[in-house]
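Note sheet for the following structure.
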């Protein structure tokens, strides 16, 4: 058997045997041990479980189809046995149609494929001394009790080689390969074993068999129930410990047992929770500073001079505003916006500027320190050289390798799925498809804008009539507020619906692109999905922040969309409050929707499944059948969790100048998210196939791109969306002579000087309001701060000098803020190396000791062998020269 396994060539996947040579699994009855993880003999460990519905008892397909499916399954199982795996089949306890095929990989198979997959395994215990951090005493308060979850012993490791078997730290063959590694190896074999040949094209892999329904499920086993300890005294009950010490809500303020998570679920799950925990911890500082800025705004809002002028009956009460739409809108009093101006003072304050600068630096610190933490995990989890050594080609890629090309380096022929021209055509098609769907998203955003423009007319004409008797509601439910809230809700619903469509489109495009490895596949899909989500989620926020109210003309000459819809105008205080409302609705609604989708739905599905089997619950159910009734994790694994968090990261950083409470809300959400994801994995889902991962993949450069863009967006929000720059220009230049009449710098008179005057006689017939004008006044004020010359001036309705001063100040502010923050970011990036000196020393030390150990062991073998040869030579020489006996 060992000789056969040594000759296995992975790219051929075995051959399809004849009917009479098919090998079948052993059959065994359930032994009434619900927590058993072994075959019926109690010796061979179950490394994987395949589930299928007995074709003879299935009535949903034609008989010929059932025979074909049975034939493919039998060939597949026979080839698994030919590849050295051992199978045992057991019929279901609750449903006689289901059959569970348990898979065991013996020692020889594990050794063979561990070498093929370049899996790093222990050589000897790590003898490097580690120094405790100065804050170790503090972090110990939040750690998991080491008496419950013992720290993992550290080893020096090296890629496994069978000829160096004696060099590895093997105390027990049954535990040398841990359950996660065993499952990885078995899944590698399952993904590459053939089940049919059609038109000289081999069909192989468990994924295709699952897609066609030949098998209903394939998964590794959980080691115990999460509710109680296993009845098997030898079971480590790692799932139970993870639930009790990690996933349970009581642990919300505890640090995560990352090494234990990695041991049970693999590095890919471990690196996600490590990143999420690190991001959440870094949010604590941002949340404290953001909340401090919010408190500063709350405490200083009563000293906000311009808001006081808006609410003052003698100032704001005497200012009549021009209609905000054509014909149906009426003149209105500035004091209507009194409440919104008070709220705006909370967010549009000096604290917002400080917080925006702080967040620009915080993002850099977060990314740089995460790189260092990631490097530490790469060393501790043996993934430093993972991509170069271990990652295998995807089976889907291998199946399409029909073209022969010459490798420029090795000068040998190799098979690829497409020629250079074919690859160019694929890439062009994929890029065009991505661009087309992004344009479709932009079209949906334009539809929302048209809705806002058209519905504002309706609210302006009808809202005041329906709520005229309720003055308290009129103060808050203005046409602008009603339009903004309804448009935000519709935008959120549209975003959620489009997400479902774009997910399928992105997967189809990536499948057609045919990436070579799983990492390439995930990175390609990540980039596409993020581009879709970026436009989908952020486009409405970008519109409100940078386009709404910026190109509206003036009442006598308004600008129209599509020649029909008059452009939207911001409130007198700007669009900042509306941007804050949009962010709150999308961020809050997204968090609620995701939690319902990720947690509630699997729980309800499992609850329904348990209810269906309640009548048969008196039967003892084996571990493999209990796990089968849990929810499958899905092909993309944690992709959606990453996507959710990175989209949240974008909201926290890109628009934080308008919503300083965003980091606090993200912190609260993430503290719950960690435990909900942990609860979901340990209680509601089948165990994932453990996978290696060196880092967080394409999400790292995406976050770096967001960090660069965040500096620009926040600078522009402060300059163009908030009212800070016009107020500063007025305070320092236009409140005092030669432009102002006050003797000292002040904010008094700001409202009166920034709302441009318009003569109502200059209205065009197309926009002249139906409602009659009241009083003896002949002018009204523009809603937005457009800073134009008054009627009667030789340059009436043209921009005045104040406007150009403000524009110059805004551009100067953007340039200065961007360059200062980018310079600080550069200094921080340069000062903080990606890999700490401590980690570099550990990696070098491990490489040195590993090479020394392997070399010394080889020398011992050589000396031992040479010693035996020398002894034989000496004996031979002695025999030759010994005198013959008389």
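Quick reminder: no glycine exception, Cβ is built from N, Cα and C everywhere.
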Tell me which range among 245-265, 308-328, 329-349, 350-370 TrEMBL lists as transmembrane segment.
350-370
Labelled transmembrane segment by TrEMBL, one stretch among 378-405, 406-433, 434-461. Can you tell me which?
434-461
Of 142-167, 168-193, 194-219, 272-297, the range TrEMBL labels transmembrane segment:
272-297
Among 753-776, 777-800, 801-824, indicate the range for which TrEMBL gives the feature transmembrane segment.
801-824
Below 8 angstroms Cβ to Cβ, which residues of this chain, lying six or more residues outside the transmembrane segment (801-824), approach it?
356-357, 360-361, 364, 711-712, 715-716, 718-720, 725-726, 728-730, 733-734, 739, 753-754, 786-788
Across the domain 'Anoctamin dimerisation' (38-258), average pLDDT on the 0 to 100 scale:
86
For the transmembrane segment (645-668), which stretch among 350-370, 481-502, 529-547, 696-720 has the most Cβ pairs under 8 A?
696-720
What stretch, picked from 272-297, 529-547, 696-720, has the most CB pairs under 8 A with the transmembrane segment (350-370)?
272-297
